[in-house]
Amino acid sequence: MKLNVDGLLVYFPYDYIYPEQFSYMLELKRTLDAKGHGVLEMPSGTGKTVSLLALIVAYQRAYPLEVTKLIYCSRTVPEIEKVIEELRKLLSFYEQQEGEKLPFLGLALSSRKNLCIHPEVTPLRFGKDVDGKCHSLTASYVRAQYQQDASLPHCRFYEEFDIHGRQMPLPAGIYNLDDLKALGQRQGWCPYFLARYSILHANVVVYSYHYLLDPKIADLVSKELARKAVVVFDEAHNIDNVCIDSMSVNLTRRTLDRCQSNLDTLQKTVLRIKETDEQRLRDEYRRLVEGLREASVARETDAHLANPVLPDEVLQEAVPGSIRTAEHFLGFLRRLLEYVKWRLRVQHVVQESPPAFLSGLAQRVCIQRKPLRFCAERLRSLLHTLEIADLADFSPLTLLANFATLVSTYAKGFTIIIEPFDDRTPTIANPVLHFSCMDASLAIKPVFERFQSVIITSGTLSPLDIYPKILDFHPVTMATFTMTLARVCLCPMIIGRGNDQVAISSKFETREDIAVIRNYGNLLLEMSAVVPDGIVAFFTSYQYMESTVASWYEQGILENIQRNKLLFIETQDGAETSVALEKYQEACENGRGAILLSVARGKVSEGIDFVHHYGRAVIMFGVPYVYTQSRILKARLEYLRDQFQIRENDFLTFDAMRHAAQCVGRAIRGKTDYGLMVFADKRFARADKRGKLPRWIQEHLTDSNLNLTVDEGVQVAKYFLRQMAQPFHREDQLGLSLLSLEQLQSEETLQRIEQIAQQL
C-alpha cells in the first residue's frame, strides 16, 4: 500500500501495517529531516526492518540530493540475508506499482570467506587463511610476476574483474551473497572485489558492524562513502562492546614467541634482498623520506594491514629517521618485543595508563613515542617491499605493531593490565598483557561525525538514555514503542520462590545451595509438563550451567524431565551447538518436545530466533551479570564513573537486564506468535531491575505476577496457554493491531498511534 508519512509518499510492500510500524516511520522521518542521530527501541517481531527500508528508500527517492545512500549494518550473515530479502520484496512492489524497472542497486558485502569463488581458496575453513591465500594470489607484485611468466599462480577472477569489471557497473537490482557469487561465476569476475567496488555507487549497502566500527577494516572498505548517507545499526543493544573490542589488543606469551620467529624470518629476507636487489630497499627508503602515504601507492589488493588508529589520528608526515631503513626498524621492533616480554615476567597484577607504559619504555630501552606511532604503517610498508605473500603468518607481529601504534596515540580512554595468570587457574603461569579500550565512543565517533544521520535501533535498548552517554553523542530523537496487541501474546512472570518458600536466586552466596538448585530443577520439570513443544532455558554462565545440570542428574531430576521432553545443551564448541540446535528443532517438529539449555551472552541468545513452536517458553535462570571480578571490567566501570557519571551498579544492572531481555525476546517473533517469559530469580522483582526491562515487556508484567512460587507460576502458565490455544484469525487483529489503508487514515487511529511512541 501507499502511505503518507508526514507528507512523504512511502510504498509499503504489504496489504496491512502494524500501528507501531507507522509510528516508527514517523520518528524516523523526523530524525532524517533534522539531519541528526536517533535511538529507537521497537519490540521484536514487529517488522522493524521493512519499516526502516520502506521509509529510507522513499526518502532517498523524494530527496535524492539530501540522502544518497543507506548503509545498513547488521551483526550476522543470516541477518544480512534477511535484510536483503526484505529489500527485494520492497523493490518488486515499487516496480509493480510504477510499471517500470527502477535504476536501483542494493547489495550485501561480507568477508572473502563468504564470497570467494576461487577453487583453491574456497575449501579453507578460517577467514584469516582465506584472506592470506587471496592476498598471495592478487598482490600487485604477484600479478607483475605473472605478467612476465604466465605459469605462476594467479587469480583469474580478479584479473578478469580488473580488466572488464570496473568499466561496467553492476546492473541495477538487489544482490545477496549468493547472487554475487552466481554473477561472479557467470562473468568470471571476483565477487568480493566486485562488491567492494560497487558499494561506492549502490543505493543500499548491507554489511557487518566491523566495516564501519573497526578502524583497521573501515579504512579499507568504507572510507570513500559519501557524507550524505544514513547509517542504521540494527540489533544494536551490544554496540558498545563491538566498539571496545575493535580497539583492544591482547598479547600473550605465545604471541610474543611467534613475533620473535616473525622477526627472524624478516631479518633473513632483508639480508637476502640486500644481496640480490638492493635498489628495492633504497626505493622504499626514498618513499619514506618523502612521507608518501603507502595507501596512495599500493593498489586495493595490497592495502592489507590497515592502520589500527582512527583516520584523524594518523600522522601525515614523513616516517622518523630512526626507523627508515629496514634493519633499523627490525632492531627497533626487537627492542620493543624484549621490553614487552620483560614486562610479562610479573608475579602480581599490574595496571597502568599508556603514558606510564611509555615512560617505562623510554627509560628501559630508549624508545621514544614518535617512532612508535608509525609502527603499524612502517610494518605495512616493509611487508609490501619484501613482497611477503602470505600475510596471515605475520599476524603476531602485526598485533605487536598495532599495539605500539595504539599505545602511543591514545593517552586517555585506555588502560594496560598485565595479569601473570588466569584467575581460574592460579597455579599455571600464563601471563597476558591486555591493552583495553574503556571508551566505546572512540571507535564510533568518526561515524557520528562523518554521516549526517545514524540510527541505533533494537528490540532491547532500555534504558534508552544510557546509550547517548556511553557513546557520547546527542540524538535528535529518542523513542521507545509499545506493542499493540489484539490478544496479549506474551506472558512475563517473575518466579522468586520455590514451593518450599525458599527464595531462588543465582547470586554467589546461594549458588551452591542444594535447595535453590532443586527448586530450579522443579521449575523446569513442572514447566516441561505444561508447555507444548519447545522450551529454551538460559543460565548465567557455562560454569553455572554445568554445575547445576550435574546436580540435577544426581538428584534424579533430569530423568523426570526427560520423560516430558528431550534435553539439548549448548556448549562452547560451535559445531556441537549447531548439531544440538538442529536436533532440538527436529524434536519440536516431531511433537516429542524439547528443552534447550543455553547461556546468556552465548551464540543462541544473540542470533537465533525461536519462531512459534520452537520457543513457547523462555526461562531465565538467574540475573545474567557479567563476571564482576574481571579487572578489565573494573577499570571500565571506574572510567564510566569518572567520565560519564554512570554509577557502577547502574551500568552492571543495565548490562544484565539488556541481556536478559535479549534472551526472553527470542520467544516472540511476531504478533501471531505467543510465549511465556519466565524470570526465575527473586532479584528481578526489584524496581531497579524491573524498570530496566524494555517498555513492551514491562507493560505486560502485572503486579500479580511479580513474586510467584513455582506452583503459582505453573498455574499462570496453564491459564495463559489455554487462552492462546483458542483459534486466532487475521480478522481478530484488524483495526487493532493490523491496519488497512482506510483504517490508518481515520482520525481515531492516528490519535492512538501518537501514543505508541514514548519520547524521552
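Backbone N, Cα and C atoms are what each Cβ position is placed from, and that goes for glycine too.
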Residues flagged as motif 'DEAH box' in Swiss-Prot, choosing from 30-33, 42-45, 234-237, 266-269: 234-237
Beyond the flanks of the motif 'DEAH box' (234-237) by 6 or more, those residues with Cβ under 8 Å of it: 48-49, 52, 72-75, 79, 83, 456-461, 658, 662
Local backbone state of Cys190 ([4Fe-4S] cluster binding site), from DSSP in three classes: coil
In three-state DSSP terms, the structure that Gly45 (ATP binding site) belongs to: coil
Shell of the ATP site beyond Met42, Pro43, Ser44, Gly45, Thr46, Gly47, Lys48, Thr49, same chain only (C-beta within 8 angstroms of their C-beta centre): Glu20, Gly459
Three-state secondary structure, which DSSP defines for Cys134 ([4Fe-4S] cluster binding site): helix
Candidate nearest Gly47 (ATP binding site) in space, where candidates are the binding-site residues Cys116, Cys134, Cys155, Cys190 and distance is Cα-Cα: Cys116
Nearest recorded site to Met42 (ATP binding site) by CA-CA distance, among binding-site residues Cys116, Cys134, Cys190: Cys116
Cα distance (Å, whole number) from Cys116 ([4Fe-4S] cluster binding site) to Gly45 (ATP binding site): 33
